[in-house]
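Among the features that Swiss-Prot reports, S-adenosyl-L-methionine binding site is placed at Ala35, Gly36, His37, Asp55, Phe84, Asp105, Gln112.
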Amino acid sequence: MTKEFHHVTVLLHETIDMLDVKPDGIYVDATLGGAGHSEYLLSKLSEKGHLYAFDQDQNAIDNAQKRLAPYIEKGMVTFIKDNFRHLQACLREAGVQEIDGICYDLGVSSPQLDQRERGFSYKKDAPLDMRMNQDASLTAYEVVNNYDYHDLVRIFFKYGEDKFSKQIARKIEQAREVKPIETTTELAEIIKLVKPAKELKKKGHPAKQIFQAIRIEVNDELGAADESIQQAMDMLALDGRISVITFHSLEDRLTKQLFKEASTVEVPKGLPFIPDDLKPKMELVSRKPILPSAEELEANNRSHSAKLRVVRKIHK
C-alpha cells in the first residue's frame, strides 16, 4: 500500500464483528477509504459471499485494488465509484435486491486529511478544496468567497456549532473584499483573529469547527448520510445489520435519531396487538454507542471521538 494512503482503521473488529457476518452473505462497505473494514469483512466471507465497496474518491479505489487483490482474484469484490447517497440505485443496477449487512465510517478519511493538496486540513497550507469527490463542482473556495454573510453564519452555526460564527463570517466578508481567500492557512489565520485569547488557549485548533462546517457543506455529508442509511435499512434482509461509526456530534445525533425512529413505534394505548404495518423494522443491537478500547485510544489519536451504533432488521 502506498505511503500516502496509510490509514489506521477505527473500531475495526467491533464494526465488522457486530454485523454477525454470514459467510455466504452479500455485504456493503459504504465508505471504502483505506479498505481496512473491507479487508476484515472479506476475511469472514466464503468465496460464495460478496462485498460491494463504495467510494467517490478514485484514489481510494486504486489503493484498495492493491490491498484487496487476493479477494478480487476470487471475484468477491465489486467497487462502485459513487456517493453512497445513491446506494440503492447503484446496488439495484448491479442486480442486488437485498443485503445482509453494511458498514459506514462517516466523515473524512485519514488519507484525505493527510494529502495536503486536498485542502481538508487547517494544519497544512493548500488551496481551499475539501471535495471528497474530485469531480464535484462545489469547493471550499466557492463557499468561503461566494456565500453571503447569512449563508456563512448558517453553516458555521449548523455544521460547526461555533459560538463565534457571526464574527467569523463578518471577518471573512471583510477579508475577501480586499482579495480572495485562496488557501487553508489564510482562512485559519482569519479565524484566529476573531477568537479571543482564552479561546486560543483551549485544547484543539481554533479553526477546527469552521473547517468541519465548510467540509460538511461542500460534500453535503449529513444529507448524504441521512439518505443512504434510510436506503440501507430498506434494503436489509431480515436479521441483517447496519454498523455506523461517527466522529462528531452532528453525525452521531443523525444516526441515533434514524435508528430510534426505525426501532420504536407509537400506537394508541389499549390496542390488543400492533398491526404488522406499524411494527418497528429495526432493533437496537446496543442501547449505547460502542466506544474505542483504552488500547485503541492510546494507539490511534483519531479514534478519540469515534462512536459506533448498530441496528438489526427484525421486520420487513
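Heads up, the Cβ atoms here are built off N, Cα and C, so glycines get one too.
Shown on the structure are the features that Swiss-Prot records.
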residue : record                               : Cβ within 10 Å
Ala35   : S-adenosyl-L-methionine binding site : 26
Gly36   : S-adenosyl-L-methionine binding site : 20
His37   : S-adenosyl-L-methionine binding site : 29
Asp55   : S-adenosyl-L-methionine binding site : 26
Phe84   : S-adenosyl-L-methionine binding site : 25
Asp105  : S-adenosyl-L-methionine binding site : 26
